[in-house]
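S.K.: To start, I am sharing the structure in question, which I have written as structure tokens.
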Amino acid sequence: MRLERRASVPPILYVAAPLAAVMVALAISGALIALAGASVPEAYRRMAIGAFGSRLAITETLTRATPLILTGLAAAVAFRARLWNIGAEGQFYIAALATAALGGAASAGGLLPGPLLIPFLMICGAAVGAMLLLAPLALRLRFGVDEVVVTLLLNFVVLLFVSMMIDGPLRDRMAFGWPQSVRVSPEAALPKLWQGTRLHVGLLVAVAMSVVVWIIQSRTAFGLEAKAAGFNPRAAAFAGVPIPKVLVGVACLSGGLAGLAGAIEVMGVKGYVTTDLSPGFGYAGIVVAMLAALNPIGVVAASLFVAATFVGVDGMSRALKVPSFIADVTVALSLLCVLVALTLVTYRIRR
Amino acid sequence: MVHQHFALAPNLTVIENVVAGTEPLWGWRSRRSAARKKLAELSSRFGLAVDPDRLVSELSVGERQRVEILKPLYRDAKILILDEPTAVLTPAESESLFAALKTMAAEGLSLIFISHKLHEVMRSADRVAVLRGGRKIAERRTSETSVDELAELMVGRRVSRPTRTAQEPGAPMLAGRDLGFAKGGRTLVEAASFELRAGEVLGIIGVSGNGQSSLVEMVCGCEAPASGEIAYFGETQATASPRGLVASGVGRVPEDRHAQGAVGELTLWENAVLERLKEPRFRRLGFVRRAEARGFATDVITRFDVRGGGPETPTRLLSGGNMQKMILGRNLASDPRILIAAQPTRGLDEGAVAGVHAEILKARASGMGVLLVSEDLDEVLGLADRVQAMVKGRLSPPVPVEQLDARRLGRMMAGVWDEAA
């Protein structure tokens with residue numbers, strides 16, 4: 001038995017294969033749910049209710065999907081150019097911290113009016129996130145240091161830094177000793193999309209960004225160069241693509257998107273930074289990007305799926321006493337199945 | 001099996017390379033003296049002289065080839081398969097390889113010699129099987145066939161390589177003066193000088209790995225020379241960028257189509273315009289002008305008869321010959337004045353070779369200066385006006401092709417050119 005590259009792939013397969021893979025993954029985790037002693041149809045029914053069954057459920061899922069879309073895009077644009085940015089988590093946190101510091105009621109008071117303050121803080125967050133990725137890239141371009149290791153390890157450095165700051169200079173004195181940062185000023189809070197829920201306009205920003213990224217990748221000269229540099233750096237260099245410059249651009253975009261996720265999460269949901277602001281949005285972004293086969297529009301769908309799984313399982317596990325780890329298992333299984341499915345899209349099995 | 005690309009460990013000696021894998025892994029002692037005796041006996045029997053105690057990294061390419069052949073012989077192989085064994089040999093080294101092959105055949109071994117060089121097949125083989133499109137389509141005895149017949153069988157139709165007509169060269173187009181290049185502490189090109197004129201094909205011949213790749217990288221604007229200078233159209237350029245060169249009328253065909261010439265995953269049109277993305281005709285406000293780019297690709301496809309796909313086809317699906325036509329076409333479609341062609345026919349079938357040769361001669365006739373870097377004697381003798389040999393990073397003085405034949409060219413490739421000049 002061996003794998004053989006397909007000569008041509010019907011475009012429909014690119015959509016059908018991931019969907020089929022997710023079905024397979026749900027079937028496998030169904031077996032695990034049964035093993036945990038719950039009824040499988042009931043569990044999935046509860047999951048669907050938990051994720052989409054009410055106004056609250058739907059808005060929770062969408063709120064959860066918002067940062068995932070952005071970190072997913074961050075991973076997708078970087079991986080497309082073979083820049084292995086594993087540091088979206090760190091970029092998320094450092095941007096969140098910067099947003100809280102700059103948008104804190106004390107420093108932002110009267111600095112900028114609300115309608116300007118929000119975009120300003122978003123741009124600042126993106127810039128900080130981008131800078132955190134430019135440092136590992138500079139090391140790679142200059143000394144050939146592997147960016148996987150550096151970006152990954154920076155995540156922990158940043159988290160410790162955040163934890164130091166919110167226990168020190170940026171600590172909220174009104175928080176009864178809880179380690180949390182100063183609050184952003186109320187003018188910097190993102191408007192709600194739906195009153196009485198947590199859903200905020202960050203979702204629109206995230207979806208808009210996915211369209212912007214799609215346009216950049218498929219229509220601009222920069223996108224074409226980044227694609228060429230990712231697939232075959234030697235040929236790209238021969239054709240005169242300035243690879244270091246392109247990678248700097250990709251790093252700004254990728255780090256910027258992860259930073260934007262952090263800024264939006266602070267302004268949209270909590271209003272302040274704690275060290276559990278992100279339940280691993282940065283890492284989940286990698287999963288989302290892979291689930292979406294690095295397609296920026298697919299990232300939106302993949303984020304919804306991942307968010308719905310986590311939110312849905314929360315409700316289901318409370319009701320049926322199935323450990324909520326089943327959400328992680330389902331998402332991980334989906335990733336494995338999608339990777340297999342995408343291999344089978346490009347290759348066929350011959351015996 | 002002797003592969004085209006050597007599978008030797010350069011940090012081991014010849015004898016260690018030969019016996020590796022034949023000794024029991026957990027034995028108490030290796031039986032080196034017996035191995036040494038057997039190797040010496042094989043060497044003298046087949047005329048494959050090589051010092052068993054030298055490191056492989058110190059050996060010349062021809063000697064490494066011998067070690068590769070000794071490996072299966074040491075394992076008492078009865079059938080030996082040689083895949084393009086002469087690709088990296090000078091003509092003289094090839095001759096001694098053929099002599100060794102004859103001895104082996106006389107000793108009762110069976111040899112399969114895979115090659116696309118027809119003269120070599122005629123020289124060394126008794127019988128020839130012709131493969132085309134994965135099928136064996138003919139079998140001949142070499143005594144009863146000819147080079148022309150084999151060529152025809154390979155392609156499936158009559159092919160004749162185009163021939164050159166006399167032509168006066170014009171103004172200098174491309175010149176290199178005392179070029180030097182080093183990478184990783186190794187000198188790859190040293191004091192190389194050449195001058196290419198309009199309406200002329202300058203052939204650079206050499207056994208692969210003698211610095212031609214670095215020379216091409218420099219004139220293509222991919223690497224800056226460590227010393228010396230390059231002049232395009234009579235003007236010295238301190239920093240030549242690939243795109244600047246392409247825009248100023250330099251066509252470049254890299255030596256490795258798949259690794260350098262095209263990005264396989266991108267479509268034909270994307271590859272066609274990748275090196276011209278800076279030009280306003282394919283770019284507006286940072287966006288790719290897709291209609292223009294597709295039009296350009298369609299133009300290349302029709303004018304240069306690229307088969308196997310349209311502008312939207314992923315380039316990796318093209319055959320080698322068609323990919324090469326696309327690469328040549330994207331350069332020639334905008335009428336450059338210099339064409340740099342590195343190994344333009346490597347790995348192509350006879351029909352595609354004739355097509356590429358015709359394009360190169362057409363370019364020459366239109367007054368283009370063509371720098372042809374090749375390992376193929378016939379190609380250089382058939383296309384070039386003047387020839388320089390490249391050996392160990394140095395270029396010989398140019399010799400008009402009229403004064404050359406395969407024998408003399410072979411001597412130049414081996415580094416003997418003082419009397420030839």
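Cβ coordinates come from backbone N, Cα and C, glycine included.
For reference, TrEMBL lists these features for the protein:
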TRANSMEM  A:12-36  transmembrane segment
TRANSMEM  A:56-79  transmembrane segment
TRANSMEM  A:91-112  transmembrane segment
TRANSMEM  A:118-139  transmembrane segment
TRANSMEM  A:148-166  transmembrane segment
TRANSMEM  A:199-216  transmembrane segment
TRANSMEM  A:237-261  transmembrane segment
TRANSMEM  A:281-313  transmembrane segment
TRANSMEM  A:325-349  transmembrane segment
S.K.: Other than its close neighbours in sequence, what residues sit by the transmembrane segment (A:325-349), given a CB gap under 8 Å and a spacing of at least six beyond its ends?
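M.R.: Residues packing against the transmembrane segment (A:325-349) from afar: 1-6, 9, 13-14, 17-18, 20-22, 24-26, 28-29, 32-33, 36, 284, 287, 290-291, 293, 305-306, 309-310, 312-314, 317.
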S.K.: Out of A:12-36, A:237-261, A:281-313, which stretch has the largest tally of CB pairs under 8 angstroms to the transmembrane segment (A:199-216)?
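M.R.: Checked against A:12-36, A:237-261, A:281-313; highest Cβ contact count belongs to A:281-313.
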S.K.: Are the transmembrane segment (A:118-139) and the transmembrane segment (A:281-313) close enough that 3 or more Cβ pairs fall under 8 Å, when only pairs 6 or more apart in sequence count?
M.R.: no
S.K.: Same chain, outside the transmembrane segment (A:12-36) by at least 6, Cβ under 8 Å from its Cβ: which residues?
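M.R.: Those are 43-44, 291-293, 298, 305, 321-323, 326, 329-330, 333-334, 336-338, 340-342, 344-345, in sequence order.
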